[in-house]
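Input: a single structure, listed below in structure tokens.
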Amino acid sequence: MTIFDRPERPLVLVVNGPNLNLLGSREPATYGTATLDDLEQRVAAAAERLGVDTTFVQSNHEGVLIDAIHAARHQAVGIIINAGGLTHTSVAIRDAILAVGLPTVEVHLTNVHAREPFRHHSFLSDVAESVIVGAGVMGYVFALEWLVTRVGIPAAPAPAAGGVE
């Protein structure tokens, strides 16, 4: 059994790196009050609307994130990643994204370009097909919508009004 056990619909891997498990309590003036669970629920609801499945991985350990990216290679249609502080240091995560060859969107809750200078450089941006910064939790939803369009997943049918077809 893996984190990718037989999805019924196209699957998108959502990767969150170090300290994102503390969303809602870590620097709320910077990162907001939404928790990681809130973020995952919002993305899962968008995925349902778009007709895709999502798998979420959060770890404070670089190797766990790399293993999840590798595992997605033959299971997922794309990756959404917020590598947290590893964005600015991890050549290994960059190489993993390149190795799997999946369309990838780099997401950051805050506008990293308006923050400390060390946050201005990303090792992932040049291998991601899209980068979304500063949109908070909605950035993940935007990333998911972009990926669904990018990989050509047809729009999910709208439910019939009043349950009648």
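Using N, Cα and C of the backbone, Cβ positions are placed for all residues, glycine too.
Note that TrEMBL annotation is computational and uncurated.
Lifted from TrEMBL, the feature list:
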type	residues	note
SITE	Arg26	site 'Transition state stabilizer'
ACT_SITE	Tyr31	active site, proton acceptor
BINDING	Asn82, His88, Asp95, Leu109, Thr110, Arg119	substrate binding site
ACT_SITE	His108	active site, proton donor
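All features noted in TrEMBL, drawn onto the structure.
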residue : record                             : contacts (Cβ under 8 Å, 6+ apart)
Arg26   : site 'Transition state stabilizer' : Asn19
Tyr31   : active site, proton acceptor       : Leu23, Leu109, Thr110
Asn82   : substrate binding site             : Val15, Asn16, Gly17, Leu20, Glu106, Val107, His108, Leu109, Tyr140
Asp95   : substrate binding site             : none
Arg119  : substrate binding site             : Thr87, His88, Val112, His113
Checklist line | Recorded substrate binding residues, Asn82, His88, Asp95, Leu109, Thr110, Arg119 - maximal Cα separation rounded to whole Å | finding: 24
Margin query: Quiz question: given the recorded positions His88, His108, which has the greatest number of C-beta atoms lying within 10 angstroms of its own C-beta?
Written below: His108
Notebook entry, point to check: For the binding-site residues listed here (Leu109, Thr110), which one has the lowest count of neighbouring CB atoms within 10 Å of its own CB?
Noted result: Thr110
Notebook entry, point to check: Under DSSP, is Thr110 (substrate binding site) helix, strand or coil?
Noted result: coil
Check: For Arg26 (site 'Transition state stabilizer'), which DSSP three-state class applies?
Finding: coil
